[in-house]
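S.K.: Please find one structure pasted underneath; my questions will follow.
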Amino acid sequence: MPTTFQEIPRERPVTPLLDRADTPAGLRRLAEADLETLADELRQDLLYTVGQTGGHFGAGLGVIELTIALHYVFDTPDDRLVWDVGHQAYPHKILTGRRDRMLSLRQKDGIAAFPRRSESEYDTFGVGHSSTSISAALGMAIAARLQNDPRKSIAVIGDGALTAGMAFEALNHAQEVDANMLVILNDNDMSISRNVGGLSNYLAKILSSRTYASMREGSKKVLSRLPGAWEIARRTEEYAKGMLVPGTLFEELGWNYIGPIDGHDLPTLIATLRNMRDLKGPQFLHVVTKKGKGFAPAEVDPIGYHAITKLEPADKPVAPKKPSGPKYSAVFGQWLCDMAAADNRLVGITPAMKEGSDLVDFSERYPERYFDVAIAEQHAVTFAAGMACEGAKPVVAIYSTFLQRAYDQLIHDVAVQDLDVLFAIDRAGLVGEDGPTHAGAYDLSYLRCIPGMLVMTPSDENELRKMLSTGHHYKGPAAVRYPRGTGPNAPISGDLEPLEIGKGVVRRQGGKVALLVFGVQLTEALQVAEQIDATVVDMRFVKPLDEALVLEMAAGHELLVTIEENAIMGGAGAAVGEFLAREGVVKPLLHLGLPDIYVEHAKPAQMLAECGLDAAGIEASVKARMAKLGL
């Protein structure tokens, strides 16, 4: 196995067993004794594939053995296998007939980064966000019961995803309806238990066996006739198991808990899964794995190797790096530290995105004011609301796509009470290879309809810093949405002064057309304006809208064009149109933004071009409308 990133193979490794087992039917024809070798081959093939394409890395390496065991024991796709989030599903894709397409992973018109129902019958449920698998598998299990179908439903969920309330809602419901399903906890952070070894594996085999289950049920029937005897026996059993396994919580929720077992021990996995396959009711298997298993750098640094970029060809000349600005998330991280130094009321909150949202420095400099609430977006928002009630100034750093999960809390717990909570909304707009489940396509639409909400869209790095300060000083809920990646390298001022609320800026004065830009498409709009002699306005604020400036532009131009990287329906452009309609102003309007589709995964530049939001697309759309109007 390679020991460094550069040693990842650039040519497909020789894999004679995997060549025969790239479908579950082929896998089941292998002897059980061959599966260890198959796991080695699959791990090498995964390293090769992701090395060529880039993508999620560590989680897949950690579930090689579990994936093999699941498809070996269960009759997939008839038995329903649901992966939570989907970061770990690359080995599943390789083993379910898509190996020959893996080099198109996360590329335009290629296979998706996550399980997709439209891609394969083995992808029983589309995922991307966390903590949905148990609910989905439970729904499938109950549907199977209603159809008198004996198929099994299996959910595979990580220990991080299990922190979300939705997962526990499903666990609680499953025992109430006595669902015939299996939940597998993929514990790859060892945050729940380190109790793994020969004794634990042996105990798991015993507790999951049909003999044990039948003896347990028989004893229950006998002892239930004796007053108090069954309760004593039950507590004795729980005490004995509790000394060896940490399953009390799940047992109390009504699940038959087995484990923890070593998730890289194929014989134990297969024996345990075979036993549990035949058990009725809600079954819970705790499997401990190592993220990045088999690739030393990923084992040492599972966060850094959660995902990787693709390998460059060995003979590719090193091109000089083009100067670029800092990432927008880095600008936010620096502002957070600066404002924290100036205002000791500031606290930073994130739902498990410390690295992605660039809160690492803040967490180290202000540990007592930093709160990672885990994958719990609803809790994050109401937690912030509670702190705001007591005079704190919470900043919730959250991805646009994940804020959708806390919309009720945003309205009910923050906005209705007019609390001072600032939402730093990262990954707004199109995010690229992760596709539609991760796109921040709707935040302007769902934020601007909330009374009292301040909504801002920076056009560059300096504007982001100023808007964050504006939101921090605002009395009430505020949101700043900014994209993934770097900006145009605008000079950044070091001050913390706010902007004048609700005021846009004319960046270029032109002729008959005015381009009203909400966000980072300002750079492209300025390029287009040079070709068609247009006025360009950096609108800055979606709410409150600079109504005076909109009226001025309408009076002085023959066509208004709104530009935003958000859904056209209900977005910033719609706000302009609604305002003009209220004022009785009739003016030709062209709205450019994200169409009413789910934009499929591709490179960000390809996605913008597909939506007509690159410079060429904007210019073509404006010229077409100008021609139609005779301008």
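Backbone N, Cα and C define each Cβ position, glycine as well.
Okay, these came from Swiss-Prot:
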BINDING   His87, Gly128, His129, Ser130, Gly160, Ala161, Asn188, Phe295, Glu377  thiamine diphosphate binding site
BINDING   Asp159, Asn188  Mg(2+) binding site
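Each of the listed features needs to be described in terms of its position in the shown structure.
M.R.: All chains included, 24 other C-beta atoms sit within 10 angstroms of the C-beta of Asn188 (thiamine diphosphate binding site).
DSSP assigns Asp159 (Mg(2+) binding site) to coil in the three-state reduction, placing it in neither a helix nor a strand. In the shown protein chains, 19 other C-beta atoms lie within 10 A of the C-beta of Asp159 (Mg(2+) binding site).
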S.K.: On the three-state reduction of DSSP, what should I expect for Asn188 (thiamine diphosphate binding site)?
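M.R.: Reduced to three states, the DSSP call for Asn188 (thiamine diphosphate binding site) is coil.
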S.K.: By the count of other Cβ atoms within 10 Å, pick out the sparsest of the binding-site residues Gly160, Glu377.
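M.R.: Gly160, out of the binding-site residues Gly160, Glu377, has the fewest neighbouring Cβ atoms within 10 Å.
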S.K.: Least buried of the binding-site residues His87, His129, going by other Cβ atoms within 10 Å?
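M.R.: Candidates: the binding-site residues His87, His129. Fewest Cβ atoms within 10 Å: His129.
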S.K.: Where His87 (thiamine diphosphate binding site) and Asp159 (Mg(2+) binding site) are concerned, what is their Cα separation in Å, rounded?
M.R.: 13
S.K.: Show me the subset of His129, Asn188, Glu377 whose Cα is within 10 Å of Asp159 (Mg(2+) binding site); these are the binding-site residues I mean.
M.R.: Asn188
